[in-house]
């Protein structure tokens, strides 16, 4: 029977849940009122976001000169933040697409939120190159549009333009993937809404989803094909971001291992951010039965793997920089020069947060602890920010001539915009957590019988998952249902 | 259109529903529709639905995107305004092709994904401001609804369905 799973596997849904209980649990955060903690978090995020918008207006009104950039370091915080946010945006599609192809059922509890995180993170990422243009109202010049500037087209040889195509494709495909999965869940909220306005809103959001057998057949096929398309897409995005650096001729950037190493780093940081967000969300929304210790452990295993790939890449870069014997290679971001120079603090922050601290996850007890996972995930978020800062600022701070030896000092505007994007991200995520079904409940219902604790226990006792057939009670026949609203 | 009668049989379990569908089909009744809160594997086969061809459309949309990207890079970079960038002049598309691969790949995915999803929405008739058509709101929660048209065989159908474990059987005038 399809509802079979080896008894050795831990249950994915805890408690004695029925299909209706899942509906109730997922609808509760949307239908209930927000608590005080939500409002506190929301207002702090909103304040940070407004501060960031103020800094953006100041930058655009005055010019990029208000940033800490100088004649040598033309990229610094902005591009660091851009790459950091794009990297975070990698876990969502990885969880929903790659894990779908691998038939990993545990993804169902986390894919919705991870994809929301992806979309919100890519929004933040997209802001930075646009602000960095200085004249953001000309941002549409990156599109290949016929224009009046003498048939001037965009340059398809440039990795920066590849980025435009990769990130906009990634954002839009992630968005439709996410929304298509949301349709049945919005329909569930719609059909149980009591307030007319709420019903209208969710009717609009659900696109009139009715759940016909044919719709579900297409839905599953579309999900599978989208997963197949999104898998190479997600790998291509950070590959192309890494080419912004790798196709240049700067020592430290001109590195052939950048594409795979950036992709691994992106997944590493993306999963860390998922751990950070879900660690809080499972508590706040009372979804501990769905996002369990085992989900946390599985994600930690992905973090160990991708973190290991990143550590090996660091080692390779460090070794090659030393092995070339080239003096120019001795000040790349992973080199003796960087480890002992004026940016030693940034170098050692990277090593500590990104390589040393995540190794604690090899210990099973830590891997299964919510608190320790949360702390380590924060460390990885910081470490991955430093990785990009080191790659950009340290490498650019020492050119081939002593006249190009400059340091980078961020101004309050640099910091303010970064804080603003963090605020903006959390504003979006908090609003999402209150208004969207945060778990793909229709999908979770499909695995309840195979992976739910209740049914697993019953199966161990030899009770079949299929209930006994009871002939319909005569009072239930030809009853005019009051619920025939759409009939 | 004149009113026609249908039977709505409700189930609360996917396995019971699947067996019921098989029994109704075995008794040679036409099943108009089954509304489900979540996908039930094997239901489409049991109902006799043809496999969906949406993946095939995605393949052709992808080919379209690929062709468009090739045409676009050739027109823009080679024909309309060839430029000498970094000592690498734009003489022929095939020689410059390696640096167009990322764009060609992204546009292939873009076309395949979006056009497939649009096709899905059009074929399943779902779009913003579309009204839902599930007859009972419980079908997005935990109830499965089998809709069978009635052609002077009301009693036979009801007695058949009652034995399959339906929790509720209604006879409804469908407009």
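Glycine is treated like the rest: Cβ placed from N, Cα and C.
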Feature transmembrane segment in TrEMBL, mapped to one of the ranges A:222-241, A:282-301, A:442-461: A:222-241
Recorded stretch that, among A:38-62, A:302-323, A:343-363, A:370-395, A:415-433, has the most CB pairs under 8 Å to the transmembrane segment (A:261-281): A:370-395
Distant-in-sequence neighbours of the transmembrane segment (A:38-62), which means Cβ under 8 A and at least six residues beyond its ends: 127, 131, 134, 136, 284, 412-413, 416-427, 430-431, 433-434
Residues from the same chain, set at least six apart from the ends of the transmembrane segment (A:114-134), whose C-beta lies under 8 A from its own: 56, 59-60, 63-64, 78-79, 81-86, 88-93, 95-96, 160, 163, 167, 170-171, 174-175, 177-178, 181, 270, 273-274, 277, 417, 421-422, 424-425, 428-429, 432, 436, 438
Remote residues contacting the transmembrane segment (A:370-395) - C-beta distance under 8 A, at least 6 residues beyond either end: 73, 75-77, 79-81, 83-84, 87-88, 245, 250-253, 265, 268-269, 272-273, 275-276, 279-280, 293, 296, 300, 303, 307, 310, 331-334, 338, 341, 343, 346-347, 349-350, 352-355, 357-358, 360-361, 408
